[in-house]
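Q: Questions regarding the structure given below will be posed in turn.
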């Protein structure tokens with residue numbers, strides 16, 4: 001059901017997807033620079049160096065990574081079979097509950113409870129929202145326009161990060177979580193009323209089957225679908241190669257992202273202001289690279305060259321942040337993130353071209 005489009009015309013069928021995604025990312029991003037201070041104050045009062053928070057964040061990243069290997073392809077199969085809209089509603093709603101806890105109370109016990117709920121939220125939503133949104137875009141955008149459409153999705157994500165950090169910079173800390181929750185609640189409500197389903201659902205059968213037999217059948221169908229998806233990836237040199245590249249890239253970046261802010265706070269005494277400045281710089285540059293540069297250079301050099309360049313930039317990003325010797329170095333290192341963000345749209349474009357229309361997630 002792809003349709004021809006030109007310029008920004010490919011955005012029209014994606015409008016009711018992009019608006020709630022933008023609001024969702026604003027709501028999540030506005031809490032990022034504050035969370036470090038809140039968690040450090042709760043777990044390590046009167047101490048700027050909080051190794052406990054770093055260990056818990058590392059453990060959280062490990063648990064999320066392990067479970068995502070199963071949950072992400074499962075959600076992808078469910079989105080192919082039962083529709084993009086239900087899976088988007090599920091994944092986009094999971095962030096409400098962890099932040100509601102911190103809005104209620106920021107004591108040590110509530111921070112631990114936040115970590116538990118946030119881990120579950122990450123397992124269901126981290127990466128899944130992007131993948132399902134990309135699959136939705138692939139349903140409604142012509143194949144020749146997909147790289148540009150995907151870059152608009154990631155570019156709007158970056159724009160949302162800038163707006164979220166601006167809100168965090170100027171809003172008093174006590175209002176950040178309530179405002180974030182209100183925005184997060186708006187997103188699934190908007191999607192429920194305005195987002196159009198793009199998958200034609202198969203007619204339901206066996207309505208009178210026993211509950212146990214239906215459960216067994218569902219589990220078997222999930223296993224078979226995931227096995228078929230794995231076969232498709234393994235049998236395709238392009239998909240197999242991009243899967244390995246994505247695995248090692250995400251492995252490295254998750255190790256940096258999970259602890260970087262706690263490291264900068266401990267070593268250089270960074271607070272909400274410095275974090276917001278770095279995040280806004282990265283977000284503003286990412287808008288330019290994804291929404292303007294990538295659509296222009298993609299027809300000239302192709303997705304593979306863009307992906308290789310972005311991966312090289314990720315190495316520089318890691319080196320400058322890991323070897324930072326002064327407070328200005330993390331700002332320089334973070335400037336490479338402006339190129340690193342091109343990894344996602346170029347990867348999605350490569351995968352989308354190598355996949356059939358029924359296996360976009």
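A Cβ is built for glycine as well, from the same backbone N, Cα and C atoms used for every other residue.
Pulled from TrEMBL, these are the listed features:
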SIGNAL    1-29  signal peptide
TRANSMEM  53-75  transmembrane segment
TRANSMEM  87-106  transmembrane segment
TRANSMEM  112-137  transmembrane segment
TRANSMEM  149-169  transmembrane segment
TRANSMEM  175-196  transmembrane segment
TRANSMEM  247-266  transmembrane segment
TRANSMEM  278-298  transmembrane segment
TRANSMEM  305-328  transmembrane segment
Q: Can you name the far-off residues of the same chain, 6+ from the ends of the transmembrane segment (87-106), with a Cβ under 8 Å from a Cβ of it?
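A: 17, 20-21, 24, 27-28, 31, 38, 41-42, 75, 78-79, 113-114, 117-118, 120-121, 124-125, 128-129, 132-133, 136, 177-178, 180-181, 184-185, 187-188, 191-192, 195.
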Q: When you look at the transmembrane segment (305-328) alongside the transmembrane segment (149-169), do they share 3+ Cβ pairs under 8 Å, ignoring any pair fewer than 6 residues apart in sequence?
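A: Stretch pair does not touch.
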Q: Under 8 angstroms for C-beta pairs, at least 3 of them, ignoring pairs fewer than 6 apart in sequence. Is the transmembrane segment (247-266) in contact with the transmembrane segment (305-328) by that rule?
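A: When sequence-distant Cβ pairs are counted, the transmembrane segment (305-328) touches the transmembrane segment (247-266), since at least 3 lie under 8 Å.
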